[in-house]
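Encoded as structure tokens, the structure appears first; notes follow it.
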Amino acid sequence: MKPRKVMIIGAGNVGSAAAHAFVNQKFVEELILVDLNKERVEGNRKDLADAAAFMSGKMDISVREASDCADVDIAVITVTAGPLKEGQTRLDELRSTSRIVASIVPEMMKGGFKGIFLIATNPCDIITYQVWKLSGLPREQVLGTGVWLDTTRLRRLLAEKLDIAAQSIDAFILGEHGDSQFPVWSHSSIYGKPVNEYSMEKLGESLDLKLIGETARDTGFEIYHQKGCTEYGIAGTIVEICRHIFSGSQRALTVSCVLDGEYGQTGLAIGVPAVLSQNGVKEIISLKLNEQEQQAFDHSAAVIKENIKSI
């Protein structure tokens, strides 16, 4: 069997946490690290090699340039322009990050990259769309982590309230990985029952779904303000998406996909349910949204498109 190879571009907090998660879960044979800080990335390589030595089997961990990528199956982009400096805005951050991405992706394509791009860099949806445009790859081969972490948080919050396993919950968040995301309660269920019908049966009361949705949205910001970054949750997100791609699980995850008419939208990438296969996005699932949800989706799409204009 052909060795499965993942390249992580950006060995900061997120990239390093993702690399460690790959080592622990051991379903790829080769892990490749890329970073401008050569001393740091070499230190990471050695540290990860030590961690891998405790695991069964063999994993090759190496350092390369991003352009040395012709044999890579999945390239995970976690690069960032760094924290905002005094006087900078989020738009400044977007433009700086966009410039970094614009310097990397064309070099990778010249290097013969034919695999799948997975974007975790924020703002995820905007950078995902930029990578797709720069790469010239089919849209199926470019996706972002999108709102899968937010969706997983939503399920965790519901599970904690109801004292059940999160895996028993079918609930989704759609839209931007940011302020305009929203839960799709019309398509959410627990053991086949609407969320609050199940809650009434088990707890004798309805849950505050609005508050739960807001908490799922805001948790990432809270973590950032409390510890200065988010890393473990998004690392788990990256690894899970890659696992489903490699296994060809054909499971639907809410990831950032380039739309071509789905949900009435084009010209952007946004978080929607998508079936994953070994070629990337096999199918985008078009849910029939109610009027309020469609309005929320259109608003979220408008927010993303406005930011795309700035790059």
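Note that Cβ sites are derived from N, Cα and C of the backbone, with glycine treated the same way.
Annotated active site, proton acceptor per Swiss-Prot: HIS177, in sequence order. Among the features that Swiss-Prot reports, NAD(+) binding site is placed at VAL14, ASP35, ARG40, SER103, ALA120, THR121, ASN122, THR145, with the record citing sequence analysis. Taken from Swiss-Prot, the feature substrate binding site applies to ARG90, ASN122, PRO123, CYS124, ASP125, ASP150, THR151, THR152, ARG153, THR230.
Annotated features, which come from Swiss-Prot, shown on the structure.
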residue : record                 : DSSP (3 states)
VAL14   : NAD(+) binding site    : helix
ASP35   : NAD(+) binding site    : coil
ARG40   : NAD(+) binding site    : helix
SER103  : NAD(+) binding site    : helix
ALA120  : NAD(+) binding site    : coil
ASP125  : substrate binding site : helix
THR145  : NAD(+) binding site    : coil
THR151  : substrate binding site : helix
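Looking only at other Cβ atoms within 10 Å, the busiest spot among the binding-site residues SER103, THR121, ASN122, THR145, THR151 turns out to be THR145. Around ARG40 (NAD(+) binding site), the same-chain residues at least 6 positions away in sequence with a Cβ under 8 Å from its Cβ are ALA11. For HIS177 (active site, proton acceptor), the same-chain residues 6+ apart in sequence whose C-beta sits under 8 angstroms from its C-beta are ASN122, PRO123, CYS124, ASP125, GLY144, THR145, GLY146, VAL147, LEU149, ASP150, SER256, GLY271.
Sequence-distant contacts (6 or more apart, same chain, Cβ under 8 Å) of ARG153 (substrate binding site) comprise THR215, ALA216, THR219, GLY233. Recorded residues THR121 (NAD(+) binding site) and THR151 (substrate binding site) have their alpha carbons 18 Å apart, per Cα-Cα distance. The two recorded residues, ALA120 (NAD(+) binding site) and THR151 (substrate binding site), have Cα atoms 15 Å apart. Cα separation, THR151 (substrate binding site) to VAL14 (NAD(+) binding site), rounded: 19 Å. For the binding-site residues ASP35, ASP125, the ranking by surrounding Cβ atoms (within 10 Å, all protein chains) places ASP125 first. In sequence order, THR78, THR80, ALA120, CYS229, THR230, GLU231, ILE234, ALA235, ILE238 make up the list of same-chain residues 6 or more apart from VAL14 (NAD(+) binding site) whose Cβ falls under 8 Å from its Cβ. Summarising the NAD(+) site geometry, the residues cited as binding it (VAL14, ASP35, ARG40, SER103, ALA120, THR121, ASN122, THR145) extend over a maximum Cα to Cα distance of 25 Å.
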